[in-house]
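Here is the structure we will look at, set down as C-alpha cells.
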Amino acid sequence: MAVTAESSPAATGKLRYNSPLVQVSLIGLVCFCCPGMFNALTGLGGGGQLDHSTADNANTALYSCFAVFGVLGGAAHNLLGPRVTLLAGALTYPLYAASFLYYNHHPSRQAFPVTAGALLGVGAGLLWAAQGAIMTSYPPPSRRGSYISLFWCLFNLGGVLGGLLPFSLNYHRAADAASVNDATYIAFMAFMLLGAGLALLLLPPSRIVRDDGSRATRMTYSSVSTEGWEILKLFANWRMLLVLPAAWASNFFYTYQFNNVNGRLFTLRTKGLNNVFYWGAQMLGSAAIGYFLDFGFGSSSRRRRGLCGVAAVAVLGTAIWAGGLANQLRYADGNWGERLIDFKDGRRYAGPFLLYFSYGLLDAMFQSLIYWIIGALANDTQILSRYVGFYKGVQSAGAAVAWQIDTHKTSLISQLIVNWALTTVSYPLLALLVFLAVKEEDSSVSSVEDGKEKDSKLSAPTSFH
C-alpha cells in the first residue's frame, strides 16, 4: 500500500521543513529583512532626512502603486505561485534604500527616490499578497492567532534591529544633522538583499503538511480572466466592505506617527532608539492579541473571542489616541518650540516616549486582529490571497492619501482627529463581521465560489478550480 503524506510518520512534527510552523517562520524572516527594515527606515521620519518632502513624495508614489498591486498581488500569487511572487517583491526593497543613499549625495534630485518608491509599491503588493495567503491558510484554524503573532514578532524584530542601526551609526552626529549617514542606508540594503535570497527557500503550498497529517491547501494555478473577475467581485463582497474602513485606517496613521511625533519631537539618534521600542511594542501587542484570540476564555466560542478581541482593541485604542491628543495640544500649531527631546532627558523624554511606544502596541493589535478575522472567513489559499490583496490594496490607498495630506501641511490636530475617527468607525464593523461570518472550528465556514455560498470544513483541504 502506498504511503501518503497524510499517513507517513515523517508528516508529523513541528520542525519539519514542510511544516506550517517552519514556513511561516521563513516568511517572517523574509519580512524581517525587507519590510521590517523598510519600517525602521520610514520610522525615522522623512526616510532619515531632516526635510520630509522627498520621503513624502516617494511614499505617495509607493502607496499609490501598492494600492493597485496590493489588489492585483493576490491574482499574481494565484498565477505565479508564492515563491516567484515573493522574490519579485523582495527585490524592490534594496532599490528603495539605495535611492536614499543616492539622495544623500544629490539632495536636489528627487526623481530616483520617487521612482524607487513607485517600484517598491509594485513589489510590496506582490510580497504582502504572498505573505497573507501563507499566513492565513497554512496554520491549523485553532492556532491561526498564534501563527499570526509568530510572524508579526519575527517581522517586527526587523524594525527593532533596524532601529538600532541608525541609533548606533549616528550616535555622535549633531542632533540637527540633515540626514542619517551613508552606512545606515548601506546596512539596510544588505539586510534587504538577504531577505530576497531567503524567499528562494519557500516551498510550494502543495507540499505543506500540518502536524495532524492533513494538507494545508492544494495550490492550483489560476487564469488571468478568472482572477480579473474574482478581483472585481471583491468590491461587492459584503465581507470585504465591512473590512474596508479598518483596511483604510490601518496604515493611515503611520504618516502622523512617524513624521509628526517621532520625526518632529526627538533628536536624530533618539528617533532610531524610539523605533527599537516602537517595533518591540508591536511584538508584544501581536503576541498578546494572538494568544487571546486562540486561547482566551478557555474553551469559549471562537466568535466570542473575536468579539472580545475587537472590544479590547477598541478600548485600548481610544485611550491611546486620547493620550495622543493631549500630547498634540502641546504643539497645536505644528511647531515644536522647545529643544528637541533626547533619550537622556529623563522625565521630559518619558511621556512622549510612552506615547510612541503605545502607538506601536496598538498598531500590531489592530492589524493582527484584522488578519485573524480575514483568516477565519475561508480556508482556501486562492480565496485568502484575494482577500488579503484587497485588504493591502485598500490599506495602501489610505496610506498614499495620508502621505499627501502631510505634504500639503495639513494641521497636525486635524491629522490626529481623522486617524482617531477612522479607527473608531472600524470597530463596530469588525464586530459585525465577526458576529455574522466567524464560525466555530468544528463547524462549516462560508466560502465564496462563483457568487454562491458553499460550505467547506475548516480541517479539510479545499480546491476551487
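Placement of Cβ uses the backbone N, Cα and C atoms for every residue, glycine included.
Remember, TrEMBL labels are computer predictions, not curated facts.
Residues or ranges marked as region 'Disordered' in TrEMBL: 444-465.
Residues annotated as transmembrane segment in TrEMBL: 21-41 (among others). Packing against the transmembrane segment (21-41) from elsewhere in the chain are residues 14-15, 47-48, 86, 89-90, 93, 96-97, 100, 120, 124, 127-128, 130-131, 134-135, 138-139, 147, 150-151, 153-159, 161-163, 165-166, 185, 188, 191-192, 194-196, 198-199, 201-203, 208, 272, 275, 279: each is 6 or more residues past its ends and has a CB under 8 Å from a CB in it.
Sequence annotations record features per position, and here TrEMBL assigns transmembrane segment to 61-80 (among others).
Tertiary neighbourhood of the transmembrane segment (87-105): same-chain residues 30, 33-35, 37-38, 41, 47-49, 54-55, 58, 62, 73, 80, 112-113, 115-117, 119-120, 122-128, 130, 179, 181-182, 185-186, 188-189, 192-193, 195-196, 199-200, selected by CB-CB distance under 8 Å and a gap of 6+ residues from either end. Annotated transmembrane segment per TrEMBL: 87-105 (among others), in sequence order.
If you look up TrEMBL, you'll see 111-130 (among others) marked as transmembrane segment.
Note on the transmembrane segment (150-171): residues 21, 24-25, 27-29, 31-37, 39-41, 43-44, 48, 131, 135, 177, 180-181, 183-184, 187-188, 191, 268-280, 282-283, 286-287, 290, 364, 367-368 of its chain, located 6 or more positions outside it, place their CB under 8 angstroms from a CB of the stretch. Residues annotated as transmembrane segment in TrEMBL: 150-171 (among others).
Here the transmembrane segment (183-203) has long-range neighbours at 17-18, 23, 26-27, 29-34, 37-38, 40-41, 48, 82-83, 86-87, 90-91, 93-94, 97-98, 100-101, 104, 158, 161-162, 165-166, 169-170, meaning same-chain residues at least 6 beyond its ends whose C-beta is under 8 angstroms from one of its own. Summarising the annotation, TrEMBL assigns transmembrane segment to 183-203 (among others).
Marked as transmembrane segment by TrEMBL: 238-256 (among others).
Residues or ranges marked as transmembrane segment by TrEMBL: 276-295 (among others).
The transmembrane segment annotation in TrEMBL covers 307-326 (among others).
Sequence-distant contacts of the transmembrane segment (353-374) (same chain, six or more residues past either end, CB-CB distance under 8 Å): 132, 135-136, 144-145, 148-149, 152, 156, 243, 246-247, 250, 253, 257, 261-262, 274, 277-286, 288-290, 293, 306, 309-310, 312-313, 316-317, 320, 323-324, 327, 343, 384, 387-388, 391, 423, 430, 433-434, 438. The transmembrane segment annotation in TrEMBL covers 353-374 (among others).
The list of residues near the transmembrane segment (417-438) in space but at least 6 beyond its ends in sequence, with Cβ under 8 angstroms from a Cβ of it, reads 239, 242-243, 245-246, 248-249, 252-253, 256, 302-303, 306-307, 310-311, 313-314, 317-318, 321, 324-325, 366, 369-370, 373, 376-377, 398, 445-446. Here TrEMBL flags 417-438 (among others) as transmembrane segment.
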